[in-house]
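Asker: According to TrEMBL, the transmembrane segment annotation covers B:6-23, B:306-327, B:339-365, B:377-400, B:406-425, B:437-455, B:470-490. If you look up TrEMBL, you'll see B:24-183 marked as domain 'Inactive transglutaminase fused to 7 transmembrane helices'. Annotation source TrEMBL lists domain '7 transmembrane helices usually fused to an inactive transglutaminase' at B:255-498.
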């Protein structure tokens, strides 16, 4: 067990759970807007109205009696993802990457039969994965085609990019890579690798798994910090647009890169996690305070993103 | 601004709590520390019956000079009824009367007794020799044979009684005893046999005192007159003398309860062990003191027992708040640990812990099988509830068989919450792996144990019940904790990776 002194954390401006809840989530996220992000179906509808691209929705399952028709309707689809509309923390997401006879193949390579899949949908409808156990809806979306850029960076799952957006300014970002330990999921606490990204360039800063520094991907051995996200500014603009879309002042936007469609907004989180600070080697608090301290906040998204890139980018040491 | 008003509220709550407690301490002499006052048993007899629109007269036998106790105070609560205590000789009775009544009626009689080992029985007027006993012809021979068998190995009335009880209690019943026991209840039979042998005896009824018990009924015993005093025998065990914490309620007279003008009468007893000074007891009846308003002792007894537990919850809530906000322990369910801690209070720690782990563990095993059956969520939870109940029943039966006759109130465990815990834990297991289950399970148990340790502390128990206004202070502390925006203890470990960051 290694420990760090609270004063060192304070010096680095690390944001703790209590402070996040008290000074940011509770203050900048009006409760009435929560359903917009807690319900993925609503998020998608809203995004479509605001011109924010998301993975294509194939089917919505609302009631138990519809469950048995799912397999017929999804017959032609090669791969798809089943998600609970009100799920949190990646719970209950089942990714089917292919089909063999009557069996579905999970992204991890495991086989599932039709009954397994139907049970999973029933569980979603009954509210097993939803907040508070309320009845839920199951969404079936197109699977995302991984950008060739990420070849060798991820084990099974699709990497996603988490951007913290504060009052419309992107303040911090990280790339999340699935590993064998995380079972193809991109959640850090489940064992995924997080790579902090430079706000100015989208280049990798430092990588972390299970709270410890790593330099290579544990499964593929690929050098992690060498990665650079292409078209970085556009990705940040997409993330920042979610502020106007939801009215929430402090959110985490999860963005994936699709081979054919480019950056897509996957989901939003009104209580984004704190591990992002460690992948960046920097605390959030200083950056958040900088935004709070701005004299005049810009209304144009592109101006905001440019300002943020300038404020928070790592200054490359001169030659 | 927002902060300022919060601090005002906190100050207000703390001042109100402390000053109320102080006033009640000085005005009513309630001590701040437990143990520096006399203990008193408060026993409440609850008499319920259905009245049939006729004049009602209910007469209940009540204690008089019970050995080992001193009567402090007694009162009756019965709106609409005239009440009086009548007594001839050793038979003291409480009598309620009313011109007419209809429907379900409930009458209460409360008595406060302090244990007093010096309170021995006085020598009493010897009872008349027993009347002739009438037996059926076949019974008569059996009874005589039995008395003869017992008399062969005894010399005094006491030893004769012991021998008879021994014969009646042997596992493989002797023929004569079996014949007689088929006809009479044990305590009745014993008095008849003693009468046949010329020894005066009587059936008495009493109650075992245990703190917080409700809905108890009286236990029959037999008193035998020997050597110029009455000696108590337990017909079930043959034990001689008055057991510890046993109150003789009904000693002589025709019956425990006489009722005219009603039907379906029932008497049940609740009791509680109070630690209040004699001075407050004196004031409770006068009731003129405004500060006694907050005193829990005005409530009916069975409710007092409930409040003894209920008033501990704020303390448990404080522990949970502290553990989550300052330490950062993850638990499954926010306040479930408090409920588990309260269950431990009632079952005592080690058995409760073993019990809890066994039930949750077995439940998890069975739940993992249920996931093969492809059930809908609601049906699955319902099944788990039933499984938990079955497990608890089996465990209780097994405990009795193995001889752990502690009378553990296993129902103290919140069933539905245990069922949900099992369900959540098994989902957690499937999704996040065993590690997270262990983390949250250990966290919940640690918080539960911590809450238990606090709630069990005699000082906490004493203060929360006698000074309920102190909960205002706990509320203020919780409000203050809600303002804490610093790091949690476990975050210092979580963010340890920041130590090697590149500057």
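Note that Cβ sites are derived from N, Cα and C of the backbone, with glycine treated the same way.
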Asker: Can you work out whether the transmembrane segment (B:437-455) touches the transmembrane segment (B:306-327), with the criterion being 3+ CB pairs under 8 Å where the paired residues are 6 or more apart along the chain?
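Answerer: Answer yes, regions in contact.
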Asker: Look over the recorded stretches B:306-327, B:339-365, B:377-400, B:470-490 and say which has the most C-beta pairs under 8 A to the transmembrane segment (B:6-23).
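Answerer: The stretch I would name here is B:470-490.
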Asker: Quick test of the contact rule: Cβ under 8 Å, at least six residues beyond the ends. What residues does that give for the transmembrane segment (B:470-490)?
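Answerer: Contacts with the transmembrane segment (B:470-490): 3, 6, 9-11, 13-14, 16-18, 20-21, 311, 314-315, 317-318, 321-322, 325-329, 463-464.
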Asker: Grab the same-chain neighbours of the transmembrane segment (B:339-365) for me: Cβ-Cβ under 8 Å, and only residues 6 or more beyond its ends, written as numbers and ranges.
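Answerer: Distal contacts: 309, 312-313, 316, 384, 387-388, 391-392, 395, 404, 406, 408-410, 412-414, 417-419, 421-422, 425-426, 429, 441, 444-445, 447-452, 455-456.
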